[in-house]
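Trainee: Next up is a structure, given as structure tokens.
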């Protein structure tokens, strides 16, 4: 059975909590305000924005007191042809020493900042374009479409367009219902560049392309795509003893998007379809004991599976073969309790049993139409 009510409850149980959302929004806003008011960097910082699974609404609830991981991109107007990667990152060290003493560490392509309730990953980037193209891109990166700290799930009508604005009422519904994504020609050909201190070179990255693709895919899948990503991530976490460490994070998310058909009718059917498609699509690659390659949505020369070993891919494939048997049986079962027991084999106790009235029918848990607005605290003051 599809057990839609139970899947809704399951998703509520594995999403980040409202206090966790408050933590990362507070941390991001505080960092942005401090950067905007830090005089030595005022002339080079164009904007800061959230990226990663937090922004794309594909993050799951951290376990065992683990802090949420939040990726924050700092867009600068630095000329990457005139400044070395190490020099660019060094410009931000005095800022970090002033506001985050003994809380930050340098990383290969970013700075890690550990706060009481959140882990921030600060990524320094630059706009490589010049002239009028650069001016137009700076306008986009300064727009509310990019600056919003709301996730795709919270802002369902979000579009990558400098004319898009959220509602002034505080609700997660904007006043821009008829605005569509800006044409690809206006922004996609100009990824950001980021410094790699380990290799001492600049590389290309396009977080906006990943966010926009995710939003578009989620709409095409009736809102189920981001939730199926969460479900698979949770399954992977629950079965970590029997699965390889990789793929995880964005490579796993990308594999799911590659396998999921548009028009997803429900979580149960979507999960079975994407697993079956994954297994059939990569059966030949698996038979060779190899692995596929998949181009990044923003920087096509990047293979998102480049760091995934063939051995780990094959072990993951075998894990999905086992999961497919259970998922198909759970979907086919006409007994609500039996179906729930099978889904729980995949997802653990966060997936609830149906009530006395059974499974696929009206009533029971109803997902809220929009997230609750968390109470404010002074945690990031």
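Just so you know, glycine gets a Cβ as well, placed from its N, Cα and C.
Pulled the feature table from Swiss-Prot, pasting it below:
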{"type": "ACT_SITE", "residues": "69", "note": "active site"}
{"type": "ACT_SITE", "residues": "71", "note": "active site"}
{"type": "ACT_SITE", "residues": "121", "note": "active site"}
{"type": "BINDING", "residues": "53, 56, 210", "note": "GTP 1 binding site"}
{"type": "BINDING", "residues": "69, 71", "note": "Mg(2+) B binding site"}
{"type": "BINDING", "residues": "69, 71, 121", "note": "Mg(2+) A binding site"}
{"type": "BINDING", "residues": "109, 197, 204, 205, 307", "note": "GTP 2 binding site"}
{"type": "BINDING", "residues": "196", "note": "Mg(2+) C binding site"}
{"type": "REGION", "residues": "348-381", "note": "region 'Disordered'"}
{"type": "SITE", "residues": "51", "note": "site 'Important for GTP discrimination'"}
Trainee: Within 8 Å of the Cβ centre of 69, 71, 121, which other residues of the chain have their Cβ, at the recorded Mg(2+) A site?
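Mentor: Once 69, 71, 121 are set aside, the remaining close residues are 52, 54, 70, 72, 110, 119, 120.
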Trainee: Just how many other Cβ atoms lie inside 10 Å of the Cβ on residue 197 (GTP 2 binding site)?
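Mentor: Excluding its own Cβ, residue 197 (GTP 2 binding site) sees 17 Cβ atoms within 10 Å.
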Trainee: Tell me, if you would, which residue among 56, 109, 204 (binding-site residues) has the fewest other CB atoms within 10 Å in the structure shown?
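Mentor: Among the binding-site residues 56, 109, 204, the sparsest Cβ neighbourhood within 10 Å belongs to 204.
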Trainee: Need one number for the GTP 1-binding residues 53, 56, 210: the maximum pairwise CA distance in Å, whole number please.
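Mentor: Comparing all Cα pairs, the maximum is 10 Å.
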Trainee: Inside 10 Å of the Cβ of residue 53 (GTP 1 binding site), count up the other Cβ atoms and send me the figure.
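Mentor: For residue 53 (GTP 1 binding site), the count of other Cβ atoms within 10 Å is 23.
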